[in-house]
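**Student:** Got these off Swiss-Prot a minute ago, pasting:
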type: ACT_SITE; residues: Glu1265; note: active site, proton acceptor
type: BINDING; residues: Cys43, Cys48, Cys51, Cys73; note: [2Fe-2S] cluster 1 binding site
type: BINDING; residues: Cys113, Cys116, Cys155, Cys157; note: [2Fe-2S] cluster 2 binding site
type: BINDING; residues: 259-266, 342-346, Asp358, Leu399; note: FAD binding site
type: BINDING; residues: Gln771, Phe802, Arg915; note: Mo-molybdopterin binding site
type: DOMAIN; residues: 4-91; note: domain '2Fe-2S ferredoxin-type'
type: DOMAIN; residues: 225-409; note: domain 'FAD-binding PCMH-type'
Amino acid sequence: MAGDDLVFAVNGEKFEVLSVNPSTTLLEFLRSNTCFKSVKLSCGEGGCGACIVILSKYDPVLDQVEEYSINSCLTLLCSLNGCSITTSDGLGNTEKGFHPIHKRFAGFHASQCGFCTPGMCISLYSALSKAHNSQSSPDYLTALAAEKSIAGNLCRCTGYRPIADACKSFASDVDIEDLGFNSFWRKGESREEMLKKLPPYNPEKDLITFPDFLKEKIKCQHNVLDQTRYHWSTPGSVAELQEILATTNPGKDRGLIKLVVGNTGTGYYKEEKQYGRYIDISHIPEMSMIKKDDREIEIGAVVTISKVIDALMEENTSAYVFKKIGVHMEKVANHFIRNSGSIGGNLVMAQSKSFPSDITTLLLAADASVHMINAGRHEKLRMGEYLVSPPILDTKTVLLKVHIPRWIASSTTGLLFETYRAALRPIGSALPYINAAFLAVVSHDASSSGIIVDKCRLAFGSYGGYHSIRAREVEDFLTGKILSHSVLYEAVRLLKGIIVPSIDTSYSEYKKSLAVGFLFDFLYPLIESGSWDSEGKHIDGHIDPTICLPLLSSAQQVFESKEYHPVGEAIIKFGAEMQASGEAVYVDDIPSLPHCLHGAFIYSTKPLAWIKSVGFSGNVTPIGVLAVITFKDIPEVGQNIGYITMFGTGLLFADEVTISAGQIIALVVADTQKHADMAAHLAVVEYDSRNIGTPVLSVEDAVKRSSLFEVPPEYQPEPVGDISKGMAEADRKIRSVELRLGSQYFFYMETQTALALPDEDNCLVVYSSTQAPEFTQTVIATCLGIPEHNVRVITRRVGGGFGGKAIKSMPVATACALAAKKMQRPVRIYVNRKTDMIMAGGRHPLKITYSVGFRSDGKLTALDLNLFIDAGSDVDVSLVMPQNIMNSLRKYDWGALSFDIKVCKTNLPSRTSLRAPGEVQGSYIAESIIENVASSLKMDVDVVRRINLHTYESLRKFYKQAAGEPDEYTLPLLWDKLEVSADFRRRAESVKEFNRCNIWRKRGISRVPIIHLVIHRPTPGKVSILNDGSVAVEVAGIEVGQGLWTKVQQMVAYGLGMIKCEGSDDLLERIRLLQTDTLSMSQSSYTAGSTTSENCCEAVRLCCGILVERLRPTMNQILENARSVTWDMLIQQANAQSVDLSARTFYKPESSSAEYLNYGVGASEVEVDLVTGRTEIIRSDIIYDCGKSLNPAVDLGQIEGAFVQGIGFFMYEEYTTNENGLVNEEGTWDYKIPTIDTIPKQFNVQILNSGHHKNRVLSSKASGEPPLLVAASVHCATRSAIREARKQYLSWNCIDDDHRERCDLGFELPVPATMPVVKQLCGLESIEKYLEWKTYP
């Protein structure tokens, strides 16, 4: 083995790579060159955690191994020479046995679609390893550390609660009885019994072994790669680095050299150019050391942020400035980015590219300095000087060290240091709206007993300026002054003139307000108390939200039924352990055949324009590109079709005209996915907007220009009652109120993906991550002009769908098939996250105007609505929206209900179905109206809601046959039960008391009901008993994480168990679900609408009934000559008698049970921080009528996951477009779904086991979509808290109580209620008003 070869290990296996492109990432190598596919590509920018691995490094001097988690999507392969990598399937797998982490994730039902689970497991393992190796408390993993271990990991399915429980089960300080519902023990068992049933974990036996062959290599060699073959240099000293840099021709080679440490910067600044040489500077001792003395801490520039934090936190209590900096730095990015990213890299990005850095702000406040070298000349600059110096754009200037001085107070003065940041996620993985760090030396004024500011440093950053700054005018003003309300008021006014975001900065006024709030929080407690505390005091005794306590214990109440054993039992999800280990196969995990090609989409950036040409800059074809496929490449016998629905079809490629930004124009086909993506990025599309008209970019424009889709009569909802009579009966009316609801992105962890294989006789096999294989088959066949039997579409499992893998997956699979047919080679497409977000469309935005009539007691009499639905450029499934919206809005007895609904055709991205499409909007509209009515009447909104809940008679009036029988209407029961179980009345009073006692924090509590109509669809199923008695099952539904396979497996075991022979009660482990294959399972329709699991279960139950009847004669014959019969004996004899052991049915629901209503109630308590607008969900309680659950564990997961996805819609997720209709949000940096630190702190879910559904599938009900609607309780509680803040704000304007109540009317809380939105409604100038009120009462 040559010493200059790239050698490393993966899961103990040796890999020797003789030549590789230095830009190759570890993720690319693992997925393309190894069998280890547990590392998943989801975001490609270090923001989701799906690609996490453990990196182990050996130090031959200390004979120690260091291990930590890293992003494989950003880590360059060449930087891993001599390292060992461990993936989730390296921790454990099917062959060697699963790791305790895998087993506990499965047992706590913490994996649904499974795409994120391997990364979650690695993050937890990393935390366990760190705890084991800790010097202070080995083997002691706290519950807080367990939860924080997954703070950088995203999950769209579970809602995080079961994941948190799985993680906390390893914590030493957790009360095991507080852990959530699981399959290890049942309620009532002793603590000792519970502990025995947990899969045991022994850290001593669980250590990753660093391979001996790597140890020997490291001991014997310098471990430097051949620079010629790898274009990779690894200097061992600063002098050697200077020598390498000096050989570079500044003119010819400028920009071709890249300095590398962790390569994490490419997650934010995407790499768009080819580098000729990479220099790994992470091995230079002078840049890798941390030195401490009495004056300062000196930190090498390549030291990772994690190691900087450790060094700062190790300091004694007297150096609390260091500790404060360390605590704040734990909020930077996520733990795996901090493990790789260096402090120097962060500072250089901030200085040269205006990266919104927290670290520069911290160091600026602490008066840090940097040590740099340029062409042999050393230079030391203070942080302020460094930031304003000319940007470091060349590779000749290198940052060597950072110096942070020690700050120690004298005996007569106090030293104060505090840091701040406002971000959508409290503990990281989100850039701040603004950050700040303040240092002050203070002393007592003997004459006034006040506090004098002797010295201060006030630093602000990330607000939209070029870099972090000091507010010197404010510092000068405060220095020497005795703090008072008037002094602070003037300081705040000065500060607002300093914090001036650039013109194109979003939320500029909000950011100014935050700066004011931070300064107020720093200084105001000193005024109030007249004393200081080195640990820092906060207004209202406020605890820094980033110093998080672990989630409170949550409660899940479920009922496991034995009536239909094993149906109704909470068995572990089928394949959950394989999902955790990463062995579960998704489309992109299928190995590529030789000569496989890859595709990437070129999309439009214009909403309406002629397409003149598609090419590349300078007419130079990028490396690796073999073809660019457009509509012109569709066979003459085919059609330019990309999708099909019951309402029509849509284009695969834009032909001569693009009708929306984000529309597919072409497909680049290249030899690798990286080359395809890079080529698509470099593509140049020439447009011509002449003689084509003005694009329609709003619903108002659409209505004005009559650009509307016509809704078929059968999809038009019917009005209820006489609206004129209803309005006449009203004592009060609210007229012409306008609401708007934005869009939402699916954020499935697995983006759109497909693999197409040309087959013999003009056939194709297409693997597609789709919810609609049969529709996909039809579209491909139509596009290519071949019979459908020539197209075989296969789907095994989908890494999250939520509706986005239904219609929107079809053009991806179709383009892939077209390319495969044209090139006569396998082609695969894995759409990158940015392109996926731009093309996805997402949830339908709405504009609503309404007028409502009601009596003085709160009873509604009439509602008149005008709805404008933005469908985008294509019809898709938008014509179901009117019916869906009205179905959920009818949950209240409106008296009379009329509406005018327009489905608008715009030149915006085509919208599609997203979990609870239309229903979540309709339910929210109802709540907004109820809130407005209650506010108008000065009534408790909870009372108004209860008054207007349906009686059974009004329910029948609004829902007709779907209402079912009277005993099926459980909503009033749920409403009353939740009041007791959630302690709603007492907590409502506690909220009032809290609001009376706190100025800068307000709480709200709200309870909302939901009604959600679902429809059963005809569904096929097939059950085959094989020779050995094992069972193969095929169903039309797709496993997208909803537990469909598990429920079907249970149903087959129940159905075949009716034969009642020995072994028939234990069939569950002998049943296997097969992947969906359109040539095997026809008429499969699509997976959507929450009832697919029920439909498939009923289809296989009917199959089992047929098989049982076929087997009974054989069983009776055996029993004539034997006392008993075993399952194996029965099947063996049936085979001998040529009994048909395969049954296929087509379940067609009866009209009496084809549609039914789902009921639920949710209550949430929310706290709002008036300084920042941050919301915290204190507690959420849900009671949901699931009928007789087919699997309570699965349904519980669906309820929690849907609720948290709803929180995202109502509170966090902004999915907007620019002036051309192109999506603004492009990835994890700017689109924020909920994370572990944003879910309810206490999360209680109860499944009502109602037995009133005998005509349903074993009395079960749907759980996938309805609970999402309950998340409106969070939004309504936030509205309540804001209302209290607004009342207080008005009091500071010296408005009397009566007038204040009148002024409180008319505010609407937009969706999503993000921090800037909440803060604006609470008052952007609330602090100024408060100080003015205190100064000039």
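Each residue, glycine too, has its Cβ placed from N, Cα and C.
Tell me about the surroundings of these features in the structure.
**Tutor:** Neighbour count (other Cβ atoms within 10 Å of the Cβ, all protein chains): 28 for Glu1265 (active site, proton acceptor).
Cys43 ([2Fe-2S] cluster 1 binding site) falls within neither a helix nor a strand when secondary structure is assigned with DSSP, and so counts as coil.
Within 10 Å of the Cβ of Cys116 ([2Fe-2S] cluster 2 binding site) there are 29 other Cβ atoms, across all protein chains.
Counting every protein chain shown, 23 other Cβ atoms lie within 10 Å of the Cβ of Val261 (FAD binding site).
Of all the Cβ atoms in the protein chains shown, 24 others lie within 10 Å of the Cβ of Arg915 (Mo-molybdopterin binding site).
Across the residues of the domain '2Fe-2S ferredoxin-type' (4-91), the predicted structure has a mean pLDDT of 96.
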**Student:** Return only the integer: C-alpha distance in Å from Ser342 (FAD binding site) to Cys73 ([2Fe-2S] cluster 1 binding site).
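**Tutor:** With distance taken Cα to Cα, Cys73 ([2Fe-2S] cluster 1 binding site) is 17 Å from Ser342 (FAD binding site).
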**Student:** In which DSSP state, out of helix, strand and coil, do we find Gly265 (FAD binding site)?
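**Tutor:** Note: Gly265 (FAD binding site) is helical by DSSP.
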**Student:** Given the binding-site residues Cys116, Cys157, Leu259, Asn346, which lie close to Glu1265 (active site, proton acceptor), meaning Cα to Cα within 10 A?
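**Tutor:** Matched binding-site residues: none.
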**Student:** Let me know how many other Cβ atoms fall within 10 Å of the Cβ of Gly344 (FAD binding site).
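**Tutor:** Step by step: centre on the Cβ of Gly344 (FAD binding site), count other Cβ atoms within 10 Å, giving 24.
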**Student:** Which of the binding-site residues Cys113, Cys155, Cys157, Val261, Phe802 has its Cα closest in space to the Cα of Cys43 ([2Fe-2S] cluster 1 binding site)?
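**Tutor:** Going through Cys113, Cys155, Cys157, Val261, Phe802 one by one, the closest to Cys43 ([2Fe-2S] cluster 1 binding site) is Cys155.
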**Student:** Out of Cys73, Cys113, Cys116, Cys155, Gln771, which of these binding-site residues is nearest Gly344 (FAD binding site) by C-alpha distance?
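**Tutor:** Comparing Cα positions, the closest of these binding-site residues turns out to be Cys73.
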**Student:** I want to verify one value. Collapsing DSSP to three states, which class is Gly344 (FAD binding site)?
**Tutor:** helix
**Student:** Using a 10 Å cut-off on CB atoms, tell me which of the binding-site residues Cys155, Leu399 is the least crowded.
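**Tutor:** Comparing Cβ neighbour counts within 10 Å for the binding-site residues Cys155, Leu399 gives Leu399.
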**Student:** Per DSSP, what is the helix/strand/coil residue tally across the domain '2Fe-2S ferredoxin-type' (4-91)?
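**Tutor:** Summed over the domain '2Fe-2S ferredoxin-type' (4-91), the classes give 16 helix, 31 strand, 41 coil.
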**Student:** For [2Fe-2S] cluster 1, what surrounds Cys43, Cys48, Cys51, Cys73 with a Cβ no more than 8 Å from their Cβ centroid?
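**Tutor:** Near the [2Fe-2S] cluster 1 site, the remaining chain residues are Leu27, Lys40, Leu41, Ser42, Gly44, Glu45, Gly46, Gly47, Gly49, Ala50, Asn71, Gly119, Thr1228.
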